[in-house]
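Worksheet for the structure shown next.
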Amino acid sequence: MPQLNPAPWFMIFMFTWAIFLTILPPKVMAHTFPNEPSPQGMTTPKTAPWNWPWH
Amino acid sequence: MTLSLFDQFSSPSFLGIPMILMALALPWLLIPTPTSRWLSNRVVSLQGWFIARFTNQLFLPLNVGGHKWAPLLASLMMFLLTLNMLGLMPYIFTPTTQLSLNLGLAVPLWLATVLIGMRNQPTHALGHFLPEGTPTTLIPILIIIETISLFIRPLALGVRLTANLTAGHLLIHLISSAVFVLMPMMPAVAILTAVLLLLLTMLEVAVAMIQAYVFILLLSLYLQENV
């Protein structure tokens, strides 16, 4: 199995961590979300049904 | 004959430059970085939704002390998911078939969880070596078994991902060679084999996603024990 050849192992290890630590977290952390997490309210709002005629 | 089937996994090299550097550096062009725009496009919105929901679900069972691992595990999920899924396309090298990469990710992260546990709450961390309610006679053997199972975790983590992806790619290669060879001789059998190949490819898509998820999930479980 060529994966068991240890020659490129260190290079692959270093490069993986280099990519994983430098490129990915900025991409992931750049996502921003508009709402703060809020606890669920005790009462669920009641929506009144409406009877608009759909033409 | 069998050796040539495994040749697809040898770390490719062109003019002395290892191509795995390309395979590791280029996929992130497909994941756009969100800008500071108020409204982003569909791709960025979907990615953000996925990352947020996934991280939320993953960290529900963890104590607050473990939540600082959220960026790391979210990045790792994107990393593994992208590499696994891209590798399913023809002629694209899957870096996660390399044992070096998977062990290189698994061992340091597992070791980090163990060291965090040993440093912050050593009694609690060592308590995992003896489950509650063990009969007294079994205590020595069970401590040995638990120690072995602790040390086998990083190996299992790395080898699981490697083996699953390698086996999948190998099967795809085998069955597609069979279709190709059978086409002139027995077209009906070739068509049936092609249907099998289609089903296998769908399975491999699922496996790619599931194996990435399992890697992260197990790391979060190891963290849960120790944080």
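Backbone N, Cα and C define each Cβ position, glycine as well.
For the transmembrane segment (B:12-31), same-chain residues at least 6 beyond its ends with a Cβ under 8 Å from one of its own Cβ atoms are 47, 78, 82-83, 86, 92-95, 98. Residues annotated as transmembrane segment in TrEMBL: B:12-31 (among others).
Positions annotated as transmembrane segment by TrEMBL: B:72-92 (among others). Using a Cβ-Cβ cut-off under 8 Å and counting only residues 6 or more beyond its ends in the same chain, the transmembrane segment (B:72-92) has close neighbours at 23-24, 27-28, 30-31, 51, 54-55, 58, 105, 109, 161, 165, 169, 201, 204-205, 208-209, 211-213, 215-216, 219-220.
Annotated transmembrane segment per TrEMBL: B:99-118 (among others), in sequence order. Proximity of distant same-chain residues to the transmembrane segment (B:99-118), defined by a Cβ-Cβ separation under 8 Å and at least 6 residues beyond the stretch ends, is recorded for 72, 76, 124-126, 150, 153-155, 157-159, 161-162, 215, 219, 222-223, 225-227.
TrEMBL lists B:138-159 (among others) with the feature transmembrane segment.
The transmembrane segment annotation in TrEMBL covers B:171-199 (among others).
Taken from TrEMBL, the feature transmembrane segment covers B:205-223 (among others).
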Practice problem: Residue list, the transmembrane segment (B:171-199) vs rest of chain: Cβ under 8 Å, 6 or more residues beyond ends. | Solution: 5, 8
